[in-house]
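**Student:** Right, I'll just put the structure down here and ask away after.
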Amino acid sequence: MPDGGKLTLELSNATLDDEYVSSVHDVAAGQYVMLGVTDTGTGMSQEVMARAFDPFFSTKPEGRGTGLGLSMVYGFVKQSGGHIRLYSEIGEGTTVRIYLPRSTDAAVETRAATPGSLKHGNETILVVKDDLRVQSTVVELLSGLGYAVLKANDAEQALAVVASGVHIDLLFTDVVMPGLLRSPEMARRAVQMLPGLKVLFTSGYTQYAIVHGGRLDPGVELLSKRYSRQQFADKVRQVLGGASDVEASEAGAAGTRARAGRGSP
């Protein structure tokens, strides 16, 4: 809505019956929760609607958007076993309706992890964040876990760090960042310069809308927001190949010095 307008949100229970699902073919009949978003913007033509869910497709001028919005929503919905429907008319606006399967399960209570249970390591991680407050929080957490941390504020700065020749084990970055150089392209170039480099994206959406054909490249991982400190520490450790806590306390102090010279059973 470039000139302003009205945005309406609606939320309700919905039933998708056999007649409806037979016309769309990508969802099962059943009970769903429907989230609808309607705007009074410029609307979309049939040609634009046909490509609206394609990754990186955008009608915005260069530098004004990534074209990932609806693609990310589509990926999240499909990953969740849901359905999405798009309605639009030129000059009238657009409605997006999302249907997610209703759950009858009771909420599962999870226990907060204790600080001592966070997994540590000693590798080098490059953190690329344009939000300096978030960047500072991530750097502080990783440093507290024993990692050596480098930082960059955007994709161009990150590539300059990589090109400097410093050793880096993991690149941690948002999927979408400001600037003309997109994060996926930045990561691709970084891996070309450092072939053993691991990449961990973070996103408020889902992996299906990221990189080529809506899928992640081999060797690239995703951490979905919002994540806890525990989830972050675990994911970093997983991407780096597991183990550590500085290699399980140097493999149990080398088998407690080979069981004290084999004097112990």
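Just so you know, glycine gets a Cβ as well, placed from its N, Cα and C.
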**Student:** In TrEMBL, which of the ranges 59-81, 243-265 has the region 'Disordered' annotation?
**Tutor:** 243-265
**Student:** Determine how many residues of the domain 'Response regulatory' (124-240) DSSP places in helix, in strand and in coil.
**Tutor:** 47 helix, 28 strand, 42 coil
**Student:** Per-residue pLDDT averaged over the domain 'Response regulatory' (124-240) comes to what?
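**Tutor:** Over the domain 'Response regulatory' (124-240), the predicted model scores a mean pLDDT of 85.
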**Student:** Starting from the Cβ of Asp174 (4-aspartylphosphate), draw a 10 Å sphere and report how many other Cβ atoms land inside it.
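**Tutor:** Around Asp174 (4-aspartylphosphate), other Cβ atoms within 10 Å: 18.
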